[in-house]
Amino acid sequence: FKGGDTCEYLLSSGRFLGEKVWQPHSCMMHKYKNSEAKNCLIDKHVVFIGDSRIRQLFYSFIKVINPQVKEEGIKHGNIPFEDKSASIKVDFLWYPEVNGSMRQRIKSWTEGSVAKPHIIVVGAATWSIKIHNGSNEALAQYKINITSIAPLLEKLAISSDVYWVLQDPVYEDMLSESRKMITNKKIDAYNEAAVRILNSSSRNSKAKVKVFSVSKLIAQETIMKSADGLHLPESSRDTNAMILMNVYCNKIMKPIDGSCCQPQPPLTLIQKIAFCFFTLSIFGYLIISLIHRNNYRKNKSCTDLESGEEKKPAISTPNVSTLEMLLHCFCKLGLIMTYFYLCDRANLFMKENKFYTHSSFFIPIVYILILGLFYTENTKETKVLNREQTDEWKGWMQLVILIYHISGASTFLPVYMHIRVLVAAYLFQTGYGHFSYFWIKGDFGVYRVCQVLFRLNFLVVVLCIVMDRPYQFYYFVPLVTVWFMIIYATLAVWPQIVQKKANGSCLWHFGLLLKLICLLTCIYFLSYSQGTFEKIFSFWPLSKCFELNGNVYEWWFRWKLDRYVVFHGMLFAFIYLALQKYQMISEGKGDPLFSNRVSNVLLFISIVSFLTYSIWASSCKNKTECNELHPSVSVVQILAFILIRNIPGYVRSVYSSFFAWFGKISLELFICQYHIWLAADTKGILVLIPGYPMFNVLVSTFIFVCVAHEISQITNDLAQIVVPKDNSTLLKRLLCIAGFFSGLHFFSEMQEQSRH
């Protein structure tokens, strides 16, 4: 740990990911759009002073503000630029040498009431080398001139951002005859002089000229693509301009994926209360543990001095009280949440941008799929979508999604479309699983509802508090929560139709189908009525849960993307359970699901359907158009997979315990990845061990999986305490939870007022 000032890293070090993506050391760089650049630089004056290389940087900088700008200025003269809509002025001043003229111009900004530029970018040397034929006298004069300018720049640096751009190396083989004297050895000498002299007289750390040395590193990798051996290719100078934008704008705009130069966010009121709560829980648990340990030691067997025999105590093991168990859970949770905060809110660990390559996605996929095959075991039961099989399905899907996120594969449309099917498959299982439970058990009690809601939402609620993020930010949990409540409402409202009742008359089956048709109609109506949907979820308190960035559009988009798949899951469960009841399928060990002929035909159709969908998804050219079709067609590949996995008896009778293990903690893995595996709220990658990418992934993954597993156990333990089976006790707990959320809302409102 070298400190929290990532600006120095951004200006001085980094590496290329691929050919064009620059990765600063230790932090993430945001790619600014022109609207963001205008908001950052509104009412600002920026000045570039120097030679043709600085002019190149000037043009790249103003193209971030206005991409339509053309490089049509006087080559050896001043070039003004103004954006009147945002009152931004950016000037290029032609001073190719560090001499008296440049000094006079800089001095004019330090005197009297002259308006100082907010950002000053200076750099020059190659003209001095060229004009004086690389003489030592010219270097000596350069040192004298920069020594006279340095105090002025340091004075300006008190109120303005001042950057000295070091000279980039040249590609000597491509230089014209008139530039042959500009050698990399000479450039290094001039750079060393500038670095040594600048800030040498400054005692005030605030009055510091920032040395822009990262351009040298970028040029070393790209100068061979230069047109003349002297000037950088366009992609390299665009990178330099974006670095300048990040240095100045990140602390103003605070982009999620721009961790460079961002100060650590201050603790909110709710975070402080959470910190106090977890601290008290840790101390409380330690005190109770010590008391219990002392009592246990007193009751331990001891030797009777008279008879020489051991006396056994009445109690041989310590009793774990509910309070101790509760404090133990919160103690562990407090330590885990501290790790979450340090990883993604404190400037302690490094973060890096994602960079997609086909190998970074497909090689790990092949590896884990092969690994999963080595853990094949027999299932306890051979029913379609039995517990082991659904856990296995969740597990391998979750691992694929994790690899998709860390590799940045969302930029590759065919992979994106297949991952959308995996997310849809999770929701399909939600529809299938909850429908099956309510249909078979007929249990619509409050206990069941509270248990499901607690297990789904506990981790996310804690993260909303600790990480200061809205509920909708963790979009998948709100999605499955709402769909669970829709399934519950559909089946619980009068008339309650369950399997036991339907066995008496086939008419009840038609009644249930009628309910499902009504549900489909409502889904269809809401999917094509955005206004109605937004009105429903804009009412308080729903708006507090489903708004993101002040509106519910993100929630509307997420809901609409997989709007039919839960219904498909419910319908599949209904048809499957009906076939099972009338013994139209065979689920014996090793038996095909249907007769051999029907099984072979269905298997062939399923394989063709599966491949057809993959070919269509791989040929997608437009994400918007493919997303429009996805809700209707994703079920094709899901059903094809289920049939391929379940029709052959020998395939249905085995499962991968490796994938099933991950499937049992799939929800925790999906949520935890936001902050302790990825970084900057999934936009980047957490770096615990810099310089060793593979080793870093191994270490961070091990910690991440262990934490997810531990949180799963904590959630299960707390669910037994917080959601008891006794109705009167449960009612009291629900009142306590209502009080908790009321307090949370009160403190949230206080936070918002203090922010404004």
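Cβ coordinates come from backbone N, Cα and C, glycine included.
Residues annotated as domain 'NXPE C-terminal' in TrEMBL: 22-72. Confidence across the domain 'NXPE C-terminal' (22-72), taken as the mean pLDDT and rounded to a whole number, stands at 94.
What TrEMBL records for 253-734 is domain 'Cas1p 10 TM acyl transferase'.
The transmembrane segment annotation in TrEMBL covers 269-291 (among others). A Cβ distance under 8 Å defines the sequence-distant neighbours of the transmembrane segment (269-291), meaning residues of its chain 6+ beyond its ends; these are 321, 323-324, 327-328, 330-331, 333-335, 337-338, 465-466, 468, 744, 747-748, 750-751, 754.
Within the chain, the transmembrane segment (325-343) has long-range Cβ neighbours (under 8 A, six or more residues past its boundaries) at 274, 277-279, 281-282, 284-286, 288, 349, 462-463, 466-467, 675-676, 679, 686, 703, 707, 710-711, 714, 717-718, 721. Annotation comment: TrEMBL describes 325-343 (among others) as transmembrane segment.
Per TrEMBL, the feature transmembrane segment maps to 355-375 (among others).
Counting only same-chain residues 6+ beyond the ends of the transmembrane segment (396-417), those with a CB under 8 A from a CB of the stretch are 354-358, 360-361, 364-365, 368-369, 372, 423, 425-426, 617-621, 623, 626, 630, 656, 659, 662-663, 666, 669-670, 673, 677-678, 682, 685, 697. Residues or ranges marked as transmembrane segment in TrEMBL: 396-417 (among others).
The feature transmembrane segment is assigned by TrEMBL to 452-468 (among others).
Annotation comment: TrEMBL describes 474-494 (among others) as transmembrane segment. If one looks beyond the transmembrane segment (474-494) by at least 6 residues along the same chain, the residues whose Cβ comes under 8 Å of a Cβ in the stretch are 423, 426-427, 430-431, 434-435, 438-439, 444, 449, 452-453, 456-457, 460, 463-464, 515-516, 518-519, 545-546, 554-555, 558-559, 562, 566, 570, 667, 670-671, 674.
Cβ atoms under 8 Å from those of the transmembrane segment (506-526) belong to residues 486, 490-491, 495, 497, 532-533, 536, 563-564, 567, 570-571, 574, 578 of the same chain, restricted to positions at least 6 beyond its ends. Sequence annotations record features per position, and here TrEMBL assigns transmembrane segment to 506-526 (among others).
The feature transmembrane segment is assigned by TrEMBL to 561-579 (among others).
Positions annotated as transmembrane segment by TrEMBL: 600-617 (among others).
Residues 384-385, 389, 393, 417, 420-421, 424-425, 428, 527, 560-565, 568, 572, 592-594, 599, 602-603, 606-607, 609-610, 612-614, 616 of the same chain lie 6+ residues outside the transmembrane segment (629-647) yet bring a C-beta within less than 8 angstroms of a C-beta in it. As annotated by TrEMBL, transmembrane segment applies to 629-647 (among others).
What TrEMBL records for 685-709 (among others) is transmembrane segment.
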Secondary structure content, the domain 'NXPE C-terminal' (22-72) (per DSSP, counts of residues): 22 helix, 9 strand, 20 coil
